[in-house]
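Q: Copied straight from TrEMBL:
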{"type": "ACT_SITE", "residues": "86", "note": "active site, nucleophile"}
{"type": "ACT_SITE", "residues": "195", "note": "active site"}
{"type": "ACT_SITE", "residues": "197", "note": "active site"}
Ligand SMILES: NC(=O)CC[C@H](N)C(=O)O
């Protein structure tokens, strides 16, 4: 299985993401620059965190016009797994690949620390290796993680089981309904503010993020690898 890590000017979690896939998950991975024309050779697309284009206007508001976004939309339409973490989530929202928007944290401060999450939906290609209701610890690091959407969208998210992760015990940023991560209606585009790639080894303080990447591989193998 081959992963792409899409790099924008200002991405700063691309190396962590690459390391998680290459060294902890043990799968093929390549960096793809933001002007790429095609992602056809990749099986899963990862949008890492950071400050693309310096977070000018709003986080992700400029990156969504990058050339690679056409290829990302095509991959999304084809049903490939697309994961946006933190700034990657913000870009997916700005691009309309996920519903809703990010506002500044209600504290108006940048927050960087581990938080507890509840796995609300484990029937996705990103979460099958977790238990439903499992509480996991994953770090956050953002200034604009206060998820918001209108009431109709929220009803749809709930009705379709699109809320995949919620903050557990505390809400660090004011996010609507403690939302930490959502999938699109089809289930193949996940955006989340916490950083699973920073939680893939005990030496990093925990390995709760690894199962997310293992879920993607499990999904892909089930779909593509014929066993006899
Ligand atoms: N770690 C990140 O991806 C930072 C996200 C974003 N630029 C913010 O501060 O909200």
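Keep in mind that glycine also has a Cβ here, set from the backbone N, Cα and C atoms.
Each of these features: where is it, how hidden is it, and who are its neighbours?
A: Secondary structure at residue 86 (active site, nucleophile), taken from DSSP and collapsed to helix, strand or coil, is coil.
Less than 8 angstroms from the CB of residue 195 (active site) sit 13, 16, 49, 85, 86, 138, 139, 140, 141, 209, each of them six or more residues away in the same chain.
Residue 197 (active site) carries a helical DSSP state (H, G or I). In this view, residue 197 (active site) is surrounded by 30 other Cβ atoms within 10 Å of its Cβ, with every protein chain counted.
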Q: Considering only the active-site residues 86, 195, 197, which possess a Cβ situated under 6 angstroms from at least one atom of ligand 1?
A: 86
